[in-house]
């Protein structure tokens, strides 16, 4: 029978509930337990797939094509497990399923209410995750802050789960902000007390309180929190600021958080083995020399829009004992008059994914600069498309070469809608999830993967137009990765250059600590070797 841990947040949002939940998952997995994780978001969107990156940040894609919250990227990287659509549920998805059921008459004419119908649907997602994953522990993060009106159905649902399953099977971890007032030089615990009281008014008593702060809390402060929040002092855990999120599991392990959980939930665990985490942290410690990468994107004002790409770069850098320094370049501010000066001294250039016309010309200039100066280049999704279009314009002299996404009237549509895709609806209509890419023998990408196939995830609705393959091959572009089932181009490269590789798929979604994705590892290796 699965055990359940629910992670909630109080006082303010943005405290790092996702990192806390991920770290708990990492500690339990290091204790020999099978872990599954999920996120409940209170917003009414069905999923984040149609949300602006400025509103939501990155859309993380699961292996089965779920468009999910960026916290799932943390989950997968920390517990090194592939999650599914079951790992991401929104209020919108819950309400939609309940209302659709009502329209079909499955409720036998009953009045549809938040309790029990919405709460039952939420509980079903939790129990379904336990059944399908067969995990020892299900860790569920509840988005938002306790007290938010949007979160109340989720709080009520997890209260009911505790009632149904018992304290020995359900645990509540509450993440809060411990305030430090610099003027009076003292900690203030009242916001924590009020947050716990708000939870108590909803029928939930936290078992563990995780205090976010920039330094360890004194014993008397922990005693005060323990007294007024009715939580044992041993269960008041410090979560202090770290220079890397990958230090958090070790910091929590030092406070025996895993033992507290294992004891309450009566889990049959092994002695914890943190050797991989310690090894990874040693890599971080030894990475002092910087390499600078120009990151040419559309949404750089919100770096969370590229979270998995950034983490993948860091992970690959640490593999070579290098610290990654990002030079942020706003794509729509690059033009013919300034791109050479802006990109001068770049050790590597990366163009990530995105949608829409804005910034496209600047991205093409970045791709051209990398190609003409033999600077290692990695293009992802849109970055692959603009690299290919740039080659068509510059080397084939097709000045109007484009994608029909940006110019429906182009006479050289290098990229067009994927055949059979829904053009009328936006949500859930992309080519999504893990696909098998066949890699061409002796290509650079096949050497990087050390295989003739790559299993990577996708999120796009435009594909390369195969009518132009021979023309582009004639100027040196190699089509080294193909989705054979539908003859979709997945990877292109320029063999004449040190490293010029671009993929339609998103390799950032499969990077893990100690296991960088081959494309990122190859990209960083090329930069290191190019700067010896």
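First residue shown is number 1, and so on along the chain.
Yeah, the Cβs are placed from backbone N, Cα and C, and that goes for glycine too.
DSSP assigns residue 381 (active site, nucleophile) to coil in the three-state reduction, placing it in neither a helix nor a strand. Residues or ranges marked as active site, nucleophile by Swiss-Prot: 381.
The active site feature in Swiss-Prot is assigned to 506 (among others); the stated evidence is sequence analysis. All protein chains considered, the CB of residue 506 (active site) has 24 other CB atoms within 10 Å.
Residues or ranges marked as active site in Swiss-Prot: 508 (among others). Applying an 8 A CB threshold to same-chain residues 6+ apart, the list for residue 508 (active site) reads 308, 309, 311, 312, 380, 517, 520. DSSP assigns residue 508 (active site) to a helix.
The secondary structure of residue 188 (UTP binding site), as reduced to three states from DSSP, is extended strand. Summarising the annotation, Swiss-Prot assigns UTP binding site to 13, 188, 189, 190, 191, 192, 193, 224 and lists sequence analysis as the type of evidence.
Long-range C-beta contacts of residue 224 (UTP binding site), restricted to its own chain and to partners at least six residues apart, with a cutoff below 8 Å, comprise 189. Taken from Swiss-Prot, the feature CTP binding site covers 13, 148, 149, 150, 188, 189, 190, 191, 192, 193, 224.
The ATP binding site feature in Swiss-Prot is assigned to 14, 15, 16, 17, 18, 19, 71; the stated evidence is sequence analysis. Residue 19 (ATP binding site) falls within a helical segment according to DSSP.
Residues annotated as L-glutamine binding site in Swiss-Prot: 54, 354, 382, 383, 384, 385, 405, 461. Take the CB of residue 405 (L-glutamine binding site) and look out to 10 A: across all protein chains shown you find 19 other CB atoms. Following the DSSP three-state reduction, the secondary structure of residue 405 (L-glutamine binding site) is coil.
Marked as Mg(2+) binding site by Swiss-Prot on the basis of sequence analysis: 71, 141. Under the DSSP three-state reduction, residue 141 (Mg(2+) binding site) is assigned to strand. Applying an 8 A CB threshold to same-chain residues 6+ apart, the list for residue 141 (Mg(2+) binding site) reads 6, 7, 17, 18, 21, 37, 38, 39, 40, 71.
Sequence annotations record features per position, and here Swiss-Prot assigns domain 'Glutamine amidotransferase type-1' to 292-532.
Under the heading region 'Amidoligase domain', Swiss-Prot lists 1-267, citing sequence analysis as support.
Residue 461 (L-glutamine binding site) falls within neither a helix nor a strand when secondary structure is assigned with DSSP, and so counts as coil. If you take the C-beta of residue 461 (L-glutamine binding site) and look for same-chain residues 6 or more apart in sequence within under 8 angstroms, you find 417, 418, 421, 429, 430, 431. Taken over all pairs of the listed L-glutamine-binding residues (54, 354, 382, 383, 384, 385, 405, 461), the Cα spread reaches a maximum of 22 Å, rounded to the nearest whole number. Fewest other C-beta atoms within 10 Å: among the binding-site residues 15, 384, that description fits 15. Residue 188 (UTP binding site) sits 48 Å from residue 382 (L-glutamine binding site), counting Cα to Cα. Cα spacing between residue 16 (ATP binding site) and residue 384 (L-glutamine binding site): 33 Å, rounded to the nearest whole number. The Cβ of 193 has fewer other Cβ atoms within 10 Å than any other of the binding-site residues 193, 385. Mapped onto three states, the DSSP output places residue 354 (L-glutamine binding site) in coil.
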